[in-house]
Each structure stands twice: as structure tokens, then as C-alpha cells.
Amino acid sequence: MKQCTVFNTRRETPTRGAMDSCGRCMKVSLVAINVVTFLSGLLAVAIGLWIWTSRSFSSTLMSNNMYIASVVVVVAMGAAIMLLSFLGCCGAAKEVKCMLLTYYILVFIIFVAMLVGGILLFVFREKVISTLDREMHASMPNYGVKHEYTRAWDDTQSHLQCCGVKSHNDWNGNVPESCCKEVYPGKRLDCRYSPNPTTMYMDGCLNKTIDLLREDAVYVGAVAIIVALVMVLALIFSCGLFVKIE
């Protein structure tokens, strides 16, 4: 009779970490979400580095450095999300409530930071654009005097195929060679003594730089929306799995 009681007691003891089918589904879903989160973070880092390398030629002309700061934030947030996805996978796979709680808190903090950053970027976007005219005009006297400004203007005018801030007249007759149209790499037409549409870039660099910034903002905004949606799912599944773990 005593042996039978012990046997029944052992059978009634629940297995540690056991959960129902709903909990197992949440576990698998959270692991899958974190794989997607890792890829989203990787995409954010890739977009940030691409903007940094392919658009850096114009950053010197923006003295407020908000352009560089925004790119750094994108890369840093992407790297943080990639690292966080490992914590979420480990917490889900091992069913450790402490790791899941830490993961939930960190995801929530990053989500709020992205939300606030997106709002601030939207609010101050037009302010940056409105000050760009003044900043570009202020940098023109440094052409030929400071190497970084000379290179920035030459690279900007060559890449964007433009001249001056609003037109070549902004150079007051001292038109840089980078305003002349390029026939082939290293060879340009002579446009400094007879400016005309056949030999010189006639469009100003201000509007083209603004278009470039807006294009970058579209890429960053698209990535931010994708990452935010994935993080909302991660918050939901991590909270559900936390409740389901015994």
C-alpha cells in the first residue's frame, strides 16, 4: 500500500518546464521572430553603412552633423538588435524566465527609443533642410583653403552633377573644375571661361542634396517600420511565453 502511494505521487509530479501546445507554439514563434529580428538588424546595419560610404561626400557641407549622427544611430541600433536577438533565442530555447524578462525589457526600451527617434527625425527634418542653404553658402569661402571643404565640394559636384548652391553664379566667377562635365574618368570639358549647358552642370547642389537626404530618409524609415513591427511581435510572444513557462 505504501509503495502504491509513492508510485502515484511520482506520477502526479509535473515535469519541470512542461507546457501546453499553445506555449510550444509561442516558443517556436519567438525563435522564428528573433531570426527575423536578427535579419532586420543586419539590414539596418547594411543600410547605415551604405549611406555612410556612398553619401559621406556631402556630410562636410552639413555643419550641424545631424546627417552623421542619424547614420551612427541607425548602425548602433541595428547592431544592438542583432545582439538582442541572440538573447531572445536563448531565453526561448532554454525556457529561462529571467532571460525572457530581460529580453522583454530591452526590446521595449529599444522600441521606445526608435519611436522617439522617428518622431524627432520627422519634426526636425524640415529644420535641417532649411539650414542647409546657409551652411552650404558658408562653406564656399573655404574652397581651396581647407582640404576637407575642397574635397567635399568637388565630390558633391561630381557625384550629383551640380554646381554651386543654387547655380554656378554662387562661385562669383571662380568656378571649380568639378563643375565641368566629365567626358570620361579624369577628363573634363573646359567650362570655367565659357559656362554653358553643354560644358557645365547647370543645376545647383542644394536641391539635389535635399533630394538625396529625403531618399536616405525613405530607406531609413522603411527599415525602421519593418524593425518596429517585428519588435512588437517579439514583445507579444516573449510576454506570452513568460506566462506559459512553469
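Heads up, the Cβ atoms here are built off N, Cα and C, so glycines get one too.
Computed from a predicted structure; not experimentally measured.
For Cys179, the cysteine that TrEMBL lists as its disulphide partner among Cys162, Cys163 is Cys163. Taking CA atoms as the reference points, Cys179 (disulfide bond) and Cys162 (disulfide bond) are 7 Å apart. Rounded to a whole number, the distance between the Cα atoms of Cys191 (disulfide bond) and Cys163 (disulfide bond) is 11 Å.
Residues 30-31, 33-35, 37-38, 40-49, 51-52, 55, 58-59, 99-100, 102-103, 106-107, 110, 113-114, 117, 121, 128, 213, 220, 223, 227, 231, 234, 238 of the same chain sit 6 or more residues outside the transmembrane segment (67-89) yet have a Cβ under 8 Å from a Cβ within it. Local packing around the disulfide-bonded residues Cys162, Cys163, Cys179, Cys191 was summarised as the count of other Cβ atoms within 10 Å of each Cβ; on this measure the leading residue is Cys163.
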